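Okay, structure first, notes after.
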Amino acid sequence: MAPVSKADKKAAVDAAAWMFNVVTSVGIIIVNKALMATYGYSFATTLTGLHFATTTLMTLVLRCLGYIQPSHLPFTELLRFILFANFSIVGMNVSLMWNSVGFYQIAKLSMIPVSCLLEMVFDKIRYSRDTKLSIGLVLVGVGVCTVTDVSVNTKGFVAAFVAVWSTALQQYYVHYLQRKYSLNSFNLLGHTAPAQAATLLVVGPFLDYWLTEKRVDMYDYNLVSVLFITLSCTIAIGTNLSQFICIGRFTAVSFQVLGHMKTILVLIMGFFFFGREGLNLHVVVGMIIAVLGMIWYGNASSKPGGKERRNYSLPTTRQQKLGAASDSDDNEDKA
């Protein structure tokens, strides 16, 4: 039997990481939709805080088992990341409340150009013409699928602007911190999850009350709703971990482009489980365009010159690089 090459092994791990993210992301969307629409649990920010609290417990278990090794992340970097991440969560929730669904979807699509800009400015990344065109094709396809009514107001635009930039910065920072401080996905999540859990569980109930005029402590918790909350938190562990793994192995732009496959899958599963309402020709055409764009992007960005860094490297030491290479591969292969 021929030995498996390093490239083949990397491709297999990349595919596994991506499938892990797709399955957990689509799963948590469906569970949260049932929790909020069927059982009336409309406290999205508090629920996210519970997600990170559960993820924190997972990182503590992994630390005890030896999967997470001691590592260092400066407090200023952690604080900056938490600000970006929490503004992203709050901004998305507020944007959805203040904007039409159509403008909310356009705002989400604009994260790809913003992520491209961040990589071009900070990482000196250069994209080929085919890579740029493939990204555009994905945006067109997903836009055709999801964008319907589009109305804009000032406060909604501000909320969307904050949400888009903070989300793009948070995802860029995941990749940046892993490279600069030689942190694998487990290490970084071990640093960030406790801080996000603490801040969101403090801010979340007040923000949710402002958005919904309902108090989280007055919700009618019953066995079924608690089971759904528990299931949502359990799946969120995989969602949070797989996001860090994917962005660490790829880039924020690739994560965003390929991430729209989840949008397509959610639409398809929605039609499958909840009937054919909304399934029409332009939605099907949009799905086909988006998938073709993703295939084109994967091919174009992998070619020489498709996406390359121009003589730029982060200030990591040789010792950090050697330690990160072995530690990251070992831990993420185990995941």
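Residue positions begin at 1 at the first shown residue.
Any Cβ shown, glycine's included, is placed from N, Cα and C.
What Swiss-Prot lists as phosphoserine is SER326 (among others), and the listing cites a large-scale study or a structure entry.
Marked as phosphoserine by Swiss-Prot: SER328 (among others).
For 303-335, the entry in Swiss-Prot reads region 'Disordered'.
Long-range neighbours of the transmembrane segment (11-31) within the same chain, counting only residues 6 or more positions beyond its ends whose Cβ lies under 8 Å from a Cβ of the stretch, are 228, 231-232, 235-236, 238-239, 242-243, 245-246, 249-250, 258-259, 261-262, 265-266, 269, 273, 332-333, 335. Taken from Swiss-Prot, the feature transmembrane segment covers 11-31 (among others).
Using a Cβ-Cβ cut-off under 8 Å and counting only residues 6 or more beyond its ends in the same chain, the transmembrane segment (42-62) has close neighbours at 32, 35-36, 68, 89-90, 93, 186, 189-190, 193-194, 196-197, 199-201, 203-205, 207-208, 211-212, 214, 216, 219, 229, 232-234, 236-237, 239-241. What Swiss-Prot records for 42-62 (among others) is transmembrane segment, and it gives sequence analysis as the kind of evidence.
The annotation transmembrane segment is assigned in Swiss-Prot to 81-101 (among others). Distant neighbours of the transmembrane segment (81-101): 44-45, 48, 107, 148-153, 155-157, 159-160, 162-164, 166-167, 169-170, 173-174, 177, 192, 195-196, 199-200, 203, 207, 211; these residues of the same chain sit at least 6 beyond its ends, with a Cβ under 8 Å from one of its Cβ atoms.
Non-local neighbours of the transmembrane segment (102-122) in the same chain are 95-96, 135, 138-139, 142-143, 146-152, 156, 160, 163-165, 167-169, 171-172, 176, 251-253, 256-257; each lies 6+ residues outside the stretch with a CB under 8 Å from one of its CB atoms. Residues or ranges marked as transmembrane segment by Swiss-Prot: 102-122 (among others).
The transmembrane segment feature in Swiss-Prot is assigned to 133-153 (among others).
The transmembrane segment annotation in Swiss-Prot covers 157-177 (among others) and rests on sequence analysis. If one looks beyond the transmembrane segment (157-177) by at least 6 residues along the same chain, the residues whose Cβ comes under 8 Å of a Cβ in the stretch are 73, 77, 80-81, 83-85, 87-88, 91-92, 94-95, 98-99, 103-104, 107-108, 110-111, 114-115, 118-119, 122, 183, 188, 243-244, 247-248, 251-252, 255-256, 314.
Cβ atoms under 8 Å from those of the transmembrane segment (186-206) belong to residues 43, 45-50, 52-53, 55-56, 59, 62-63, 67-69, 71, 73, 78, 81-82, 85-86, 89-90, 174, 177-178, 215-217, 240-241, 244, 248, 327, 331-332, 335 of the same chain, restricted to positions at least 6 beyond its ends. The transmembrane segment feature in Swiss-Prot is assigned to 186-206 (among others).
According to Swiss-Prot, the feature transmembrane segment maps to 227-247 (among others).
Here Swiss-Prot flags 255-275 (among others) as transmembrane segment.
According to Swiss-Prot, the transmembrane segment annotation covers 278-298 (among others). Within its own chain, the transmembrane segment (278-298) has Cβ neighbours under 8 Å at 130-131, 133-146, 254, 257-258, 260-261, 263-264, 267-268, 270-271, counting only residues six or more beyond its boundaries.
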Intrachain residues whose Cβ lies under 8 Å of the transmembrane segment (227-247), provided they are six or more past its termini: 17-18, 20-21, 23-25, 27-28, 31-32, 34-35, 39, 41, 47, 50-55, 58, 171, 174-175, 178, 185-186, 188-189, 193, 255, 332, 335
